[in-house]
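J.: The N-myristoyl glycine annotation in Swiss-Prot covers GLY2 and rests on sequence analysis. Residues or ranges marked as domain 'EF-hand 2' in Swiss-Prot (evidence: sequence analysis): 60-95. Positions annotated as Ca(2+) 1 binding site by Swiss-Prot, on the basis of sequence analysis: ASP73, ASN75, ASP77, THR79, GLU84. If you look up Swiss-Prot, you'll see 96-131 marked as domain 'EF-hand 3'. Summarising the annotation, Swiss-Prot assigns Ca(2+) 2 binding site to ASP109, ASP111, ASN113, TYR115, GLU120 and lists sequence analysis as the type of evidence. Here Swiss-Prot flags 144-179 as domain 'EF-hand 4'. Taken from Swiss-Prot, the feature Ca(2+) 3 binding site applies to ASP157, ASN159, ASP161, LYS163, GLU168.
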Amino acid sequence: MGKQNSKLRPEVLQDLRENTEFTDHELQEWYKGFLKDCPTGHLTVEEFKKIYANFFPYGDASKFAEHVFRTFDTNGDGTIDFREFIIALSVTSRGKLEQKLKWAFSMYDLDGNGYISRGEMLEIVQAIYKMVSSVMKMPEDESTPEKRTDKIFKQMDTNNDGKLSLEEFIKGAKSDPSIVRLLQCDPSSTSQF
């Protein structure tokens, strides 16, 4: 009986096959693990923050985890179901650079208006610094979240309107691998793209 519940139904599997980069076997394995960790089939923000904290034991990942959670929770119901989880995981782990950048843009665009303001960028950068600053030495021109935000805006805000469009964000990130690494919160990777 329990085994039947831990397998994806054929129509769900078909949907996920079409919307992710995972194989049927990988989807089934992820689903089993998801149900093991989330028996209700839904992940709350508090549960998500606890899981996320395991990946960043030397920093405070809670604020950044809230932003990631919001971006995973595409229907805005305050929980992440398996479909939301696996689609976001597919984009962030196996998606093409452009997909990852669109996903990152949606995380940085806190109010969903299609632009990233300086304040929105600063909020995310502050969350990243809280998470990694104890284990990462930042260059002098990025030693504070404010300096990092200013540097990003100088590089990306090509029309100087004080906000970043999706186009500016993607173009700017693609032209600076260090920004791509920061946006993906993967400071250890040096030549991912």
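Using the three backbone atoms N, Cα and C, a Cβ is placed for every residue, glycine included.
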J.: So among the binding-site residues GLU84, ASP111, who's got the most Cβ atoms within 10 Å?
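T.: Answer by Cβ density within 10 Å: GLU84.
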J.: List the residues in the vicinity of the Ca(2+) 3 site, defined as same-chain residues other than ASP157, ASN159, ASP161, LYS163, GLU168 with C-beta within 8 angstroms of the site's C-beta centre.
T.: TYR115, MET156, THR158, ASN160, GLY162, LEU164, SER165
J.: Determine which residues of the same chain, besides ASP109, ASP111, ASN113, TYR115, GLU120, have their CB within 8 A of the center of the CB atoms at the recorded Ca(2+) 2 site, and list them by sequence.
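T.: For the Ca(2+) 2 site the neighbour list reads TYR108, LEU110, GLY112, GLY114, ILE116, SER117, LYS163.
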J.: Please give the sequence-distant neighbours of the domain 'EF-hand 2' (60-95): residues at least 6 beyond its ends with Cβ less than 8 Å from one of its Cβ atoms.
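T.: Long-range Cβ neighbours of the domain 'EF-hand 2' (60-95): 12, 15-16, 19-22, 27, 30-31, 34-35, 41-45, 48-49, 52-53, 103, 106-107, 110, 123-124, 126-128, 130-131, 184-185.
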J.: With helix taken as DSSP H, G or I, strand as E or B and everything else coil, how many residues of the domain 'EF-hand 4' (144-179) land in each class?
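T.: Counts, helix then strand then coil: 24 helix, 3 strand, 9 coil.
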J.: Within 10 Å of TYR115 (Ca(2+) 2 binding site) by C-alpha distance: pick out those among the binding-site residues ASP73, ASP157, LYS163, and say none if nothing qualifies.
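T.: Within 10 Å of TYR115 (Ca(2+) 2 binding site): LYS163.
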J.: Want to know which binding-site residues, from ASP73, ASN75, ASP77, GLU84, ASP111, ASN113, are within 10 Å of LYS163 (Ca(2+) 3 binding site) at Cα; which are they?
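T.: Near LYS163 (Ca(2+) 3 binding site), where near means Cα within 10 Å, there are no binding-site residues at all.
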J.: To the nearest whole angstrom, state the Cα distance for the pair ASP77 (Ca(2+) 1 binding site) and ASP111 (Ca(2+) 2 binding site).
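T.: Just about 16 Å between their Cα atoms.
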J.: Is it possible to list how many residues within the domain 'EF-hand 3' (96-131) are helical, extended or coil according to DSSP?
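T.: Within the domain 'EF-hand 3' (96-131) the tally stands at 26 helix, 3 strand, 7 coil.
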J.: According to DSSP, does THR79 (Ca(2+) 1 binding site) fall in a helix, a strand, or coil?
T.: strand
J.: Look at each of the binding-site residues, GLU120, ASP161, and point out the one with the fewest other Cβ atoms around it within 10 Å.
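T.: Comparing Cβ neighbours within 10 Å for the binding-site residues GLU120, ASP161, ASP161 has the fewest.
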